[in-house]
């Protein structure tokens, strides 16, 4: 039995029910699935599993604005309203949440990793609704556990921050996940392939820039680079990064976008990547056929305005699933 795991029992769609797939919405199509069901066997074809990670413990430790614990429900509510375009050949299963208010951050990350591995064993592509960006390490661990030690797994992070902070004194938090991935790779004598899109210089100290400069395998584009380059040059840079790689894990921190587009985040951003450009870049990553799982993190509903941020996060999920279904 999976620890800290609670299957879904609540529908987030409250509109009319229509049996016609031409007019169906996500909330009408999504089906509940219990990962603890021992009778389940691997699914055939391309299907997705949606799981919430109800934790912002890492945000609290990192002195951010707490509230991301509420985001899985907020994102589900927005996603449920969107039209369904994929017919009956693709399924999105809502498998529930990882939740443990009295559990440690490390325990919850471990529980998420076990749930992710279970999804992968069932041939379901994981979609994780964070939660703080501590979500990423649990997601990454689960993906790695589903692979052999020699298998590659590149990481693309759309984020204003590197999240490569040391954690030897403070312990893990929402800003250390990718350093933990890096350290795991070093321990396993693997190259950590990591590409960050949207870095803001005023959000990252010189230690982090120096660490990146000395670390083979880590690349980044600043928000200003992205503004100047346009999506075609960005996509070519991503292609170069993914050359020779078979798998990529994608994580989207909603603080990559300005407060005008994403007011409800743990750490607000004055500057930020244009969401329309982001959609084009995300679609390109999905079209590579290498995307094995993704998450959206750091939505903080108590700080949101008219669900702008939750809706934007749901929009990214919509477009990623559309393209992944066509190229997996």
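Numbering starts at 1 and runs along the chain as displayed.
Glycine is no exception: its Cβ is also placed from the backbone N, Cα and C atoms.
Swiss-Prot lists 133, 159, 163, 253 with the feature Mn(2+) 1 binding site, giving sequence analysis as the kind of evidence. Its Cβ placed at the centre, residue 253 (Mn(2+) 1 binding site) has 30 other Cβ atoms within 10 Å. In the three-state DSSP scheme, residue 253 (Mn(2+) 1 binding site) is classed as strand.
Swiss-Prot lists 159, 161, 253, 255 with the feature Mn(2+) 2 binding site.
Comparing the binding-site residues 133, 161 on other C-beta atoms within 10 angstroms of each C-beta gives the minimum for 161.
In sequence order, 133, 157, 158, 160, 163, 198, 203, 254, 256, 267, 269, 298 are the same-chain residues whose CB sits within 8 A of the CB centroid of 159, 161, 253, 255, the residues recorded for Mn(2+) 2 being left out.
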